[in-house]
Amino acid sequence: MTWTANSCLVTLAILFLWRVEEIAEACSCSPAHPQQAFCNSDVVIRAKVVGRQEVDVGNDIYGNPIKRIKYDIKQIKMFKGPTQDTDAIYTAPSSAVCGVSLENNGKEYLITGKLETDGTMHITLCDFLEPWEDLSATQKKSLTQRYEMGCDCKITRCSVIPCMISSPAECLWTDWVIEKTVNGGQAKHFACIKRSDDSCAWYRGVALPKRDFLDIEDP
């Protein structure tokens, strides 16, 4: 085999490995019901962006700078999180690695995310981030108490029929198979609530569940 052919093979091998690494780093998320997003997050806030800048947050193992997008925010309300207000959130610089793009035009968002060991809040495309005006009345009310009442429940997403729950402490989420969207009726108008017998059931309504709902055996 000639030197030119060997060189071409080496080049192709490098390009292939680069592409495999790029694919491996691509962002992939499993859909989550808003209640799951609330329960699994360290911080849940209503806020708007007031500034954006790219910052260095350290170096990787090769000594290259790690870039992040820092959004300066004005917190309007905290539904879950630390005692102090959050004034900045960080995300990756590209959607390919789950970075989030937020508008700096006065738009208010519901933002869920994780707290790092240094106390900073980080968000990804896998977190639940929605314009506040796009949330239903039930979703907004559920942020104050109802979602938290169901954090011991498990919400099981039904992606193909037949599907079923394996425990009384589960709620079956069927938006995808019925409405072909994960932002359907159950996501917008229902919360999975734990009842007095430790079973869980879907509850719909703006008001908090009444005692008779919590005490009955069947939804």
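Each Cβ is built from the backbone N, Cα and C atoms, and glycine gets one as well.
In sequence order, Ser95, Ala96, Val97, Cys98, Thr124, Leu125, Cys126 make up the list of same-chain residues 6 or more apart from Cys27 (Zn(2+) binding site) whose Cβ falls under 8 Å from its Cβ. Residues or ranges marked as Zn(2+) binding site in TrEMBL: Cys27.
The annotation disulfide bond is assigned in TrEMBL to Cys27-Cys98 (among others). Taking all protein chains in view, 18 other C-beta atoms sit within 10 angstroms of the C-beta of Cys98 (disulfide bond).
What TrEMBL records for Cys29-Cys126 (among others) is disulfide bond. Cβ neighbours within 10 Å of Cys29 (disulfide bond), excluding its own Cβ and spanning all shown chains: 10.
Remark: Cys39 (disulfide bond) has Tyr147, Glu148, Gly150, Cys151 as non-local neighbours, by Cβ distance under 8 Å and separation of at least 6 in sequence. Taken from TrEMBL, the feature disulfide bond covers Cys39-Cys151 (among others).
Using a 10 Å Cβ-Cβ cutoff, Cys200 (disulfide bond) registers 24 neighbours. Per TrEMBL, the feature disulfide bond maps to Cys153-Cys200 (among others).
Summarising the annotation, TrEMBL assigns disulfide bond to Cys158-Cys163 (among others). Residue environment of Cys158 (disulfide bond) contains 16 other Cβ atoms, counted within 10 Å of its Cβ in all protein chains.
The disulfide bond annotation in TrEMBL covers Cys171-Cys192 (among others). Around the Cβ of Cys192 (disulfide bond), a 10 Å sphere holds 28 further Cβ atoms from the protein chains shown.
When the domain 'NTR' (27-151) is classified with DSSP, helix, strand and coil residues number 23 helix, 50 strand, 52 coil. Marked as domain 'NTR' by TrEMBL: 27-151.
What TrEMBL records for Asn40 (among others) is site 'Involved in metalloproteinase-binding'. Taking a C-beta cut-off of under 8 angstroms and a sequence separation of 6 or more, Asn40 (site 'Involved in metalloproteinase-binding') has the following same-chain neighbours: Ala32.
Under the heading site 'Involved in metalloproteinase-binding', TrEMBL lists Lys67 (among others). The number of other CB atoms found within 10 A of the CB of Lys67 (site 'Involved in metalloproteinase-binding'), across every protein chain shown, is 13.
Between Cys153 (disulfide bond) and Cys192 (disulfide bond), the C-alpha separation comes to 7 Å. Here Cys171 (disulfide bond) comes close to Gly150, Cys153, Lys154, Ile155, Thr156, Ile165, Cys192, Cys200, Ala201, Trp202: these same-chain residues lie at least six apart in sequence, with C-beta atoms under 8 angstroms from its C-beta. Considering only the recorded positions Lys67, Cys158, Cys163, Cys29 (disulfide bond) has Cys158 as its nearest partner by CA-CA distance.
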